[in-house]
Structures are given as C-alpha cells and as structure tokens.
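Student: Mind having a look at this structure? Questions to follow.
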Amino acid sequence: MSIFPKISLRPEVENYLKEGFMNKEIVTALGKQEAERKFETLLKHLSHPPSFTTVRVNTHLASVQHVKNLLLDELQKQFNGLSVPILQHPDLQDLLLIPVIGPRKNIKKQQCEAIVGAQCGNAVLRGAHVYAPGIVSASKFMKAGDVISVYSDIKGKCKKGAREFDGTKVFLGNGISELSRKEIFNGLPELKGMGIRMTEPVYLSPSFDNVLPRYLFLQNLPSALVTHVLNPQPGEKILDLCAAPGGKTTHIAALMHDQGEVIALDKIFSKVEKIKQNALLLGLNSIRAFCFDGTKAVKLDMVEDTEGEPPFLPESFDRILLDAPCSGMGQRPNMACTWSLKELASYQPLQRKLFTAAVQLLKPEGVLVYSTCTITLAENEEQVAWALTKFPCLQLQPQEPQIGGEGMRGAGLSCEQLKQLQRFDPSAVPLPDTDMDSLREARREDMLHLANKDSIGFFIAKFVKCKST
C-alpha cells in the first residue's frame, strides 16, 4: 500500500516523463486512461522501497548455503528473534532475497525529532541507521540515549542546525540517539559516526553495515541479473566500461571463477580506488581498474598495445558491459528529484559516445550488454533503436535469464525486438503490505514473483557483433 506521497519532480520533468509514458504507441495499445493510471502508479511506487532486500553472495570465497546460514544468524540478532525467511533465487543462484517488513503503521511518534537529508532518508528506508553527517536538524533538548522520531526533508528546505522544522517532512520511524544535539552541531570537524540507531523503522530491513563484508555485496536484483545476461566465461577478456562502485565488476570476476582478465574503467579516481578495495576484499585477482574516461578508451593509432592499459586497440574484448551513467530515475525509494529537464536530457548524448566506444572495442562475435537504472524512453529503448540503425554490425539478442518485462513501446522497435529487452517497471505490481503473519502464510512462488516484479526501475539490452566494424 502507498503511504508516502508520490515522487516530487519539477513540473517540466514530470511533463516530460508523462509524454514518454503516454506516447502514441502506448496510448493506442492501452488507451489513454490506462496509460495515465500506470504513469501515476509509477510515480507513487518510486517513493517507496522495493519489497525485498537483495544480496549477492561472493561465490569465489564461500558457498551460497554457508553464507545463507551465517545471514540467518545475523538476522536473528538484528530482528530480536523474529524469524524472517531468506530465499535463494532459482534463476540467479548467487542471489539471496530477504523480505522487507512494512509499512508498519502503529509506530508512536515522539516529541523529540530529528530531520535527515533526503538521501539519508532513502537509505534508512532500505535498512540503514542514521550517521551524523546525514542529520540536518534536531530538537533543542535532544540528548544521547533519547528515543527520537526521524523524518526526511524530502525537498531540501531545512536549515542545518535548525531546532525545529515545519516544512514538508516524511516520517521514517523511531530510533535511539547516539549523540546529543550539542555534539552533532558543535561546529567541530564533521562527525562521521552513527548518529541515530533505528529501532522502529517504518520499513524493517536488515542493516548491512560491516555485515559479512567478504561474503556479501548489497545489490538490487536487476543489477545482479545484468552480469548473468553478460554470461562471462573463464579465460575471456572483459571490459566494464563505467564500473564504479564495482558491484558488477566483482560479479563478472566471480562468475569467471577469477580466470581471465576484467578491465574496469571509471573517470573518478576515488571510485576507482573503491573498485580496487572491493576486489581485494572479495579476494578477486583478475580485476584491473583504471581511472580513465570511457569515451576515450579506443586507441586511435594502431601501434602494438604492449602495456595492457587504456586506451585499447579496437576489437580487444570478448564481452563488454556498458552500465551507462544515467538519470537514475528508477532508483527506489526516491521521494524527490530536483533535477532540471536539461540535466535529465544530458545523459543520452554521453551514453551514445560510450556506446560508440564499446562497439569499436568489441571483437567480432563478441557480446555487448547495455543497462541503466532509469525509466526514461530516451535512455533505454530509444538508445537501442539508435544503436541498431547506427551500427548494422549489431544484432539484438534474447536474454537469459528473462526476469523483467518486455521493453516499452514508443521508440519504433518491433514487438519481437521489445521481447528481447528487459525492463523492470516499478508499477508492475501493487505495493505489498507485509507483516510477519502474511510472511508465514506466503507461498514461496508468490514471494519470488513479488521479488522479480517489485524492484527498482531498470533496463537491459544485449547485442552481438556480427562482423568487423
């Protein structure tokens, strides 16, 4: 059920999205009323978290069953003895699914309040505690050990250090303050530790802060699916063109049994360091990460490549993953997006530059997987239509496993082509109302269906390169 307001967008952005979701092809197929209903449902669902927390097991270091047993013990501790099931996904066998309990409606709001930033609030709805930098405001009498009601400042209007806030705020649940107001806002160098330990969140999800860090990677279901669609094989040379923070890079290496070469590129140095840290933590030696702009990754002079560093000679890679920088409009929960239409539209040209580089770097008969965590037609199906016209050497391929729905109408793709895409649509199923009683009665197949459908918004396309460019 919907308990939060729909995602808050600038009017021009909402109108732009509406035009995409009510394009001529969709309205002809569904009717105007149904198309409009689906769009409004999507906006409501984006502000709520998915109904499952999903974690990928690092199968390079441990078996799924072993990690599942360790995780069951951890959940028992975190949930004070509540017995929440953990499901292994039948098609993505390295993925574990943990149902989210909520929304919990009988939580008593406290007089003492803390306001957190929107990003911090989104993390709380997915199981995080509140860290001191995320706290924007706190009641003037707040002390360490107090029970606090936590609210999200979804429109970013609260002033840092305010004693009270009467603007738009959304209740996230209650927690226990680890710090006093004075300690949080004393003007000393910014605190980095935990500020509020959430004890009664509106949505109950496990916290994964430092939980089995060598064995688990917190990853949304479609993000884990992408690497299975890529289907990397031992001994291959694979490029992750926009790799940060490294979830898919490390997944590629694990699926290859750490045999072969995985090149990871990102143009932000700190993110590249994070990829290297993750590879080290997860015990993966086949990954080489470089701080490099993916749009410039093709070596233009044909001098022999001896260093194995970017830029690379054309046709160097067996498989390439382009998990493209995108508007991120599929992320959940997201109660407010302040972006302008210009910012939203800026991603399509960048994605095309990266895609062009990827096609040049791919060997004949190589596989290219393109993915985004957004819902816009321009960044997804329109990019596929553009790619098939621009690069006659590319053929769209069916995907395995097929878990998401088919692609969205509106970009001129055929029904057959739409069926070869995977689009995860957050409006596909009603928002669940999950408590312990409903979990005890739920059938496994119904839970798996819900996990597959009620996820973040996401898109995947798979191509094969037929001949030399």
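Note: Cβ is positioned from N, Cα and C throughout, glycine not excepted.
Pulled these features from TrEMBL for this protein:
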- 141-466: domain 'SAM-dependent MTase RsmB/NOP-type' (DOMAIN)
- Cys242, Ala243, Ala244, Pro245, Gly246, Gly247, Lys248, Asp266, Asp293, Asp323: S-adenosyl-L-methionine binding site (BINDING)
- Cys373: active site, nucleophile (ACT_SITE)
Student: Using all protein chains in view, find how many other C-beta atoms are within 10 Å of the C-beta of Cys242 (S-adenosyl-L-methionine binding site).
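Tutor: By my count, 24.
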Student: Can you grab the distance from Cys242 (S-adenosyl-L-methionine binding site) over to Cys373 (active site, nucleophile)? Cα atoms, rounded to a whole Å.
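Tutor: Cys242 (S-adenosyl-L-methionine binding site) and Cys373 (active site, nucleophile) have their Cα atoms 13 Å apart.
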Student: For Lys248 (S-adenosyl-L-methionine binding site), list the number of other Cβ atoms lying within 10 Å of its Cβ atom.
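Tutor: Other Cβ atoms within 10 Å of Lys248 (S-adenosyl-L-methionine binding site): 26.
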Student: Whole-number Å distance between the CA of Ala244 (S-adenosyl-L-methionine binding site) and the CA of Cys373 (active site, nucleophile)?
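Tutor: Per the Cα atoms, Ala244 (S-adenosyl-L-methionine binding site) and Cys373 (active site, nucleophile) stand 14 Å apart.
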Student: Is it possible to get the count of other C-beta atoms within 10 angstroms of the C-beta of Ala244 (S-adenosyl-L-methionine binding site)?
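Tutor: A count of 23.
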Student: With the S-adenosyl-L-methionine site defined by the record as Cys242, Ala243, Ala244, Pro245, Gly246, Gly247, Lys248, Asp266, Asp293, Asp323, how many Å span the farthest pair of C-alpha atoms?
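Tutor: Spelled out: the longest distance between any two Cα atoms in Cys242, Ala243, Ala244, Pro245, Gly246, Gly247, Lys248, Asp266, Asp293, Asp323 is 19 Å.
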Student: Might you list, by sequence position, any residue in that chain lying six or more from Cys373 (active site, nucleophile) with a Cβ less than 8 Å away from its Cβ?
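Tutor: Looking at Cβ-Cβ distances below 8 Å from Cys373 (active site, nucleophile), excluding near sequence neighbours, one finds Asn220, Pro222, Ser223, Cys326, Gly328, Gly330, Gln331, Ile456, Gly457, Phe458.
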Student: Test of understanding: give the count of other CB atoms lying within 10 angstroms of the CB of Gly246 (S-adenosyl-L-methionine binding site).
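Tutor: For Gly246 (S-adenosyl-L-methionine binding site), the count of other Cβ atoms within 10 Å is 27.
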Student: Might you list, by sequence position, any residue in that chain lying six or more from Asp293 (S-adenosyl-L-methionine binding site) with a Cβ less than 8 Å away from its Cβ?
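Tutor: Non-local contacts for Asp293 (S-adenosyl-L-methionine binding site): Leu265, Lys267.
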